[in-house]
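Undergrad: Input: one structure, supplied below.
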Amino acid sequence: MNYSIEDWDHLFKLDPAKEISDEDLDAICESGTDAVIVGGTDDVTLDGVLDLLSRIRQHTVPCILEISNLESITPGFDFYFIPMVMNSSEKKWMMDIHHAAIKEYGDSIDWDKTVVEGYCIMNEDAKAFKKTNSVVPDNDDVTAYAYMAEHIYHFPVFYMEYSGEYGDPELVKAVNEQLTDTKLVYGGGIEDNFKAREMKQNADTIVVGNLIYSDINKALKTVKAVKEIT
């Protein structure tokens, strides 16, 4: 298995608040994807996270917890992704909850397994957008956030999150041109091989999530579609 985040092309994202059969989960883990993210917005509980973790751990694929609340954090993952929502109107989502987490868990955090994401939520209808009181960014805003992610905060990852809506490939390309060391991750609206390939040509890594639950076979095919062009 490849544990080098810099080399990842394709990720699947599983929501611990959604049901997935053992058969479908096994297919996801054996698909050739570079890693599986566990994360969601609503109703993310420790029980749900532990259930997915125990099932994914029956396979060798790297497993990531994208942290959405302190209550669902648990040992056992290969990596922990920490979103910092750059276009939120509240400092809470860029600083305060992270400060609280450090106060409580700082001594036990394995920083070698921790990846901070500069997060930009692009879809105003998304649950995450509303929960974080984000502000709709224009194109100049997004490229500026990307520049900040790399040159001010030195984040290893800048994540353009469209949450079920398919984004603008030209904007994704423009954002990626701002980045040298920070990796661009794209997620949202990838419903077929064409969209998977199109976004992979403009981003370093793509994330496929909702398609797992609407059409597992199409979701699985996105792995090969992406790997063929890398």
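Residue 1 is the first one shown; counting continues down the chain.
Using N, Cα and C of the backbone, Cβ positions are placed for all residues, glycine too.
All TrEMBL annotations are machine predictions without curation.
Pulled these features from TrEMBL for this protein:
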| type | residues | note |
| --- | --- | --- |
| BINDING | LYS13, TYR159, MET160, GLU161, TYR162, SER163, GLY164, GLY189, GLY209, ASN210 | sn-glycerol 1-phosphate binding site |
| BINDING | ASP15, THR41 | Mg(2+) binding site |
Undergrad: Checking the binding-site residues MET160, GLY164, GLY209, which are within 10 Å of ASP15 (Mg(2+) binding site) at the Cα level?
TA: GLY209
Undergrad: List the residues in the vicinity of the sn-glycerol 1-phosphate site, defined as same-chain residues other than LYS13, TYR159, MET160, GLU161, TYR162, SER163, GLY164, GLY189, GLY209, ASN210 with C-beta within 8 angstroms of the site's C-beta centre.
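TA: For the sn-glycerol 1-phosphate site the neighbour list reads ASN123, ALA126, GLU165, TYR186, GLY187, GLY188, VAL207.
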Undergrad: For the sn-glycerol 1-phosphate binding residues given in the record (LYS13, TYR159, MET160, GLU161, TYR162, SER163, GLY164, GLY189, GLY209, ASN210), what is the largest pairwise C-alpha separation in angstrom?
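TA: Roughly 17 Å, rounded to the nearest whole number.
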Undergrad: State the Cα to Cα distance, in Å, between TYR162 (sn-glycerol 1-phosphate binding site) and THR41 (Mg(2+) binding site), rounded to an integer.
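TA: It is 13 Å, counting Cα to Cα.
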Undergrad: Restricting to the chain of LYS13 (sn-glycerol 1-phosphate binding site) and a gap of 6 or more, list residues whose Cβ falls under 8 Å of its Cβ, or answer none.
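TA: Set apart from LYS13 (sn-glycerol 1-phosphate binding site) by at least 6 residues yet with Cβ under 8 Å, we have VAL36, ILE37, VAL38, GLY39, GLU66, GLY187, VAL207, VAL208, GLY209, ILE212.
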